[in-house]
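Below is one structure, written out as structure tokens, with a few remarks after it.
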Amino acid sequence: MAVTQPPDNSTQSNYAKVATEHISFAWTIDWKEKKIAGSATHTLRAKEDGVKEIIFDTFALNVKSAEVEGKAVSYNLGKHHEVMGSALSLPLPSSLQKGSTVTAKVEYETTLSGQALQWLEPEQTQGKQFPYLFSQCQAILARAVTPIQDTPSLKITYDAHVSSILPVLMSAKRVSPPSSGPPHGGKVIGKDVVTYVYKQPTAIPSYLLAIASGNVHYRAFDVPEGKEWTSGVWTEPEMLEQAHWEFKEDTTRNLALEESVIMPYKFGVYDVLVLPPTFPFGGMENACCTFLTPSIIAGDRSLVDVVVHELTHSWFGNGVTAHSAHYWLNEGWTTYMERVLLSKLHSEAERGFSYLIGYKALKDSLKEYEDMPKYQRLIIEMEVGEDPDDAYSQVPYEKGANFLLYLESVLGGLDVFLPYASDYAKTFMGQSIITDQWRDHLYNYFRTRGMDDKVKALDTVDWNAWLHGEGLALPVENKYDTTLAKPVYALAERWDKARGKDVKELDFTDSDVKSFSSNQKVLLLDTLQSYQPLPLSHVSLLGSLYGLDSSGNAEIRFRFYLVALLDPSSDSSKHYGSIAAKWVVGEDGSGVIKGRMKFCRPTFRAVYKVDKQLAWETWKKSKGGFHPLAQKMIEKDLELA
Ligand code: BES
Ligand code: ZN
């Protein structure tokens, strides 16, 4: 069936008329000036006759010169749009015909006004000796790294030569110096310039372009026999041992399992890079090299689900890529599959438990968007220039995963659903698609196999409610396995009932949570948030008795503060407001900014509700240490922007 894809309203580029197929980057990392300087040479193909210009997206780039087919051209850099940046247009030879290729080279530099790159001072790293640089291009910031047609509807290959005095990583395969050789090709780190060569022969969407440079070292994971990929971890030497231990089992095991369920891994390399704590996400599925927050190095592998999530994107997102408005196809599918792996490697109870924790996050997101019901939808049609960062929430993840879980049950369970999922991935591998293409394939999969009962089952689905529905409820509630949640709910209820009693009379002990996993503590705190606020005396006891107020696991710690700050005008809030504020900016002795937005944004928002002045003052002092993206979002949260 022919499906026409709508335009991507977040790009100003003319990718439908002439489209980049390959980019060659030649970059130098200038640590003194904090910029990447060099060139991007695009090979483009005309999609129609007589295209007059190439339009790239740029964001706060300093463009120096441009060439088309090796000849200097006069280019035009359009007016800066706050979200979309400036359109850069280069004239094309008038004779260009549909199907023919053309090269275009732009010399440029990045600037500090772009939000894709964070430049860290040595003090902000583990080693405190060398500076550090990393990119975050999703959703639409590849354009702040290079002129590019910045849309997930287009896929490109690339190669890169990057010179730096510190080791360089990219979302591609290392050509030289070899990853497994001596760090920095045996040269002196921090002093000698080494040119790193990378190649990404598999076409990827622009948001997967990534670079990092710093004192990062490599340690390989053992890979099951017969695999054609390698896998390992990169991080500063101070963290290498811990990071390797944390991920060495689950990374390769889950990658291999995903291969057996879906299809072979096709990027050749699956590495993870553990970044400094200002990294604003839990993980980012950059091709060949997932970027990770160090906050998931818990020492007990309790937070490895983030890696499982990111590696799952290799199929759902990086392989089959969603058109921007259909972003749920990336995150919903990935969240769903991540939990399928969980059920296979652990238990159905674990899968259900994961959905329960996600459910609370979904409800919170839906509530937050009560004034913006459009963002409660699975498919979000973005206006031209609308900021995708404003639409970012748990909705595509959790509504999406619940939708697929619902379809799984409608179709008769995993035995039916997983072979279909595999066919879906194989069918669209390498393409960018919209929801209609996904649904057409779903129907066709069962229709062409003569499985009429399944087709009938699909006809019972309220597609419109799932895909375009707003509001706080799911069209259909799924039933989750609650085995692991039951003891948690029982304990939460005991606390709820204890609220009226004097704290001295309470019979809670630390053994209440002795058998609890970290995730069960997470659910305990989530559940307490759904009750009336507890008095300060009880919150203090809860925090100290179970070690929640001092937990090194940020998933637990920030939720404890949310419980403590539940009623902004309470004594509990007065007491814990400043403690939470100190924690989030690392003034409590932990010395580390909690840069992952999942932790810092809700914490700042909660403190803000308690004491605006405190939130603003805390922010003013520490803002500079946060990632540009986190800065942008927190300033919105604190009504400063
Ligand atoms: N691709 C996302 C991160 C992202 C989304 C960055 C949109 C920028 C814009 C990544 O795969 C992700 O979902 N990360 C989660 C991990 C979690 C769901 C396990 C995160 O960072 O919290
Ligand atoms: Zn994701």
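Cβ coordinates are placed from backbone N, Cα and C, and glycine is handled just like the others.
What TrEMBL says about a protein is an automatic prediction, not a curated fact.
The peptide binding site feature in TrEMBL is assigned to GLN136, CYS137, GLN138, PRO280, PHE281, GLY282, GLY283, MET284, GLU285, ARG596, MET597, LYS598. Annotation for GLN138 (peptide binding site): same-chain Cβ neighbours under 8 Å, separated by at least 6 residues, are TYR207, LEU208, MET284.
Taken from TrEMBL, the feature Zn(2+) binding site covers HIS309, HIS313, GLU331. Within 10 Å of the Cβ of HIS313 (Zn(2+) binding site) there are 25 other Cβ atoms, across all protein chains. In the three-state DSSP scheme, HIS313 (Zn(2+) binding site) is classed as coil.
The feature active site, proton acceptor is assigned by TrEMBL to GLU310.
What TrEMBL lists as active site, proton donor is TYR397. Same-chain residues at least 6 positions away in sequence with a Cβ under 8 Å from that of TYR397 (active site, proton donor) are, in sequence order, GLU331, GLY332, THR334, THR335, GLY358, ALA361, LEU362.
Annotation comment: TrEMBL describes 483-638 as domain 'Peptidase M1 leukotriene A4 hydrolase/aminopeptidase C-terminal'.
One way to see the shell of the Zn(2+) site is to take the Cβ centroid of HIS309, HIS313, GLU331; the remaining same-chain residues with a Cβ within 8 Å of it are GLU285, GLU310, THR312, PHE316, GLY317, ASN330, TRP333, THR334, THR335, GLU338, TYR397. Within 10 Å of the Cα of GLY283 (peptide binding site), the following recorded positions from the list HIS309, GLU310, HIS313 place their own Cα: HIS309, GLU310. DSSP assigns PHE281 (peptide binding site) to coil, not to a helix or a strand.
Checking the recorded positions GLN136, PHE281, GLY283, GLU310, GLU331, TYR397 against ligand 2, the ones whose Cβ sits under 6 Å from it are GLU331.
Within 10 Å of HIS309 (Zn(2+) binding site), judged by CA to CA distance, lies none of the binding-site residues GLN136, PHE281, MET597. In the three-state DSSP scheme, TYR397 (active site, proton donor) falls into the helix class.
Taking Cβ-Cβ distances under 8 Å and a sequence separation of 6 or more, the neighbours of MET597 (peptide binding site) in its chain are PRO280, PHE281, LEU629, ALA630, MET633. Predicted-model confidence for the domain 'Peptidase M1 leukotriene A4 hydrolase/aminopeptidase C-terminal' (483-638) is 97, expressed as mean pLDDT.
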